[in-house]
Amino acid sequence: MANLRLMITLITVLMITKSSNGIKIDLPKSLNLTLSTDPSIISAASHDFGNITTVTPGGVICPSSTADISRLLQYAANGKSTFQVAARGQGHSLNGQASVSGGVIVNMTCITDVVVSKDKKYADVAAGTLWVDVLKKTAEKGVSPVSWTDYLHITVGGTLSNGGIGGQVFRNGPLVSNVLELDVITGKGEMLTCSRQLNPELFYGVLGGLGQFGIITRARIVLDHAPKRAKWFRMLYSDFTTFTKDQERLISMANDIGVDYLEGQIFLSNGVVDTSFFPPSDQSKVADLVKQHGIIYVLEVAKYYDDPNLPIISKVIDTLTKTLSYLPGFISMHDVAYFDFLNRVHVEENKLRSLGLWELPHPWLNLYVPKSRILDFHNGVVKDILLKQKSASGLALLYPTNRNKWDNRMSAMIPEIDEDVIYIIGLLQSATPKDLPEVESVNEKIIRFCKDSGIKIKQYLMHYTSKEDWIEHFGSKWDDFSKRKDLFDPKKLLSPGQDIF
């Protein structure tokens, strides 16, 4: 009889969940959390945008509040049944960084909210909110964030845990540089508010901290006036030095007479050349140009505005059309709504989805390269590796940004060099499962070339598998990074998919 009472007590106290892969996680009923082991939910949480890895969690929770996450982490840190936890937004990682084998995935998209302050200078945003929804909500009040990633259908928390880069970085810095305050739940389950003045060690740690010190649940994002429209240009170059010289000149110009967005793209003759931005009458000319030269460089810029009749708009257009050294005749301009410009990649996503090409593996390689070595990088990587690849599929981005827009106190890394300008490189290739090893081999060859040539690159959205590589990556920040882990997540529960600790 005593044994029966004990069994009943145990059943009452514990909610025992066993996933389809045989991994068991015990959560006390008092936590009032529902751990889903539905096969479809587990399957979705086992994969990410990279479509390269499969890592199966023990279960997934959809929190109704930040308190749910706090209770989960307190139990994981202090309970008898220790398990690891990973926060996951849209799963836009490339190599399982937001995964946890046998542990618990916290579906951050279950917590969304955008509240604009009365003075419209900032918005308090729940970490599971998509950037596109932040844009929609803030634009209703005539304001918007000042820096953006190219793709807006990703979560605020996930982006800030990595850095957040795009074509506005040269002007306003990465997304992590435009945060005033955060709410974070540490690996001990503590719910803390942090900023540059309050708990700064946590604030600087989690921005670009790869989820190692806590789960961001709220971010206070800087806002400014939301322009109505954008004049969007693309210009073609056949000479790399001329191309980069014009890029660097544009990012050095003052705000009022300069552009608001700048990126660069590389067209390769062994890849797919998207000529759709240009008028139909010019598209065959663009394609022929790429065939003729092998490599063509695309300067892409935008100027935001409200009133097209303002003199400054004409002045900027004159600067672009009359003083830059692009190939004569190879310039195209679109006039689009501000929202449509920022959401442009989603349009391309829908096209790829309709063709069944979105769910392919994405062996992307993202790098920061010092300005002083960008020509060496171009010659050794673009000419001698990418152009000689059997076929290139996807985008190759290359554009400069100003180093002073980054805050070195944050975990986010860029090359530790004494230079004012660094280049952002995005080799955004896709591959069939059959071709994946070839593309991964190309990426390895690129990294090896940079190391052998002494080019002090830093990777972005990286995935290392050895502690030595992580120590090298964080460089002078490693000691602080390691100490912060011991301080805020001493049991190493958070974001194990990064393979750091």
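Any Cβ shown, glycine's included, is placed from N, Cα and C.
Since this is a predicted model, take the numbers as computed values, not measurements.
For the FAD site, Swiss-Prot records A87, G89, G91, S93, Q97, D150, T155, S161, I165, I216, S495, Q498, and the single candidate of Y297, Y304, Y423, Y460 listed with them is Y460. For the pair G91 (FAD binding site) and N107 (N-linked glycosylation site), the C-alpha distance works out to 10 angstrom. Q97 (FAD binding site) sits 28 Å from N32 (N-linked glycosylation site), taking the Cα positions as reference. Applying an 8 A CB threshold to same-chain residues 6+ apart, the list for Q498 (FAD binding site) reads Q97, L210, G211, Q212, H463. Counting in whole angstrom, T155 (FAD binding site) lies 9 from H92 (pros-8alpha-FAD histidine) by their C-alpha atoms. In the three-state DSSP classification, N32 (N-linked glycosylation site) falls within coil.
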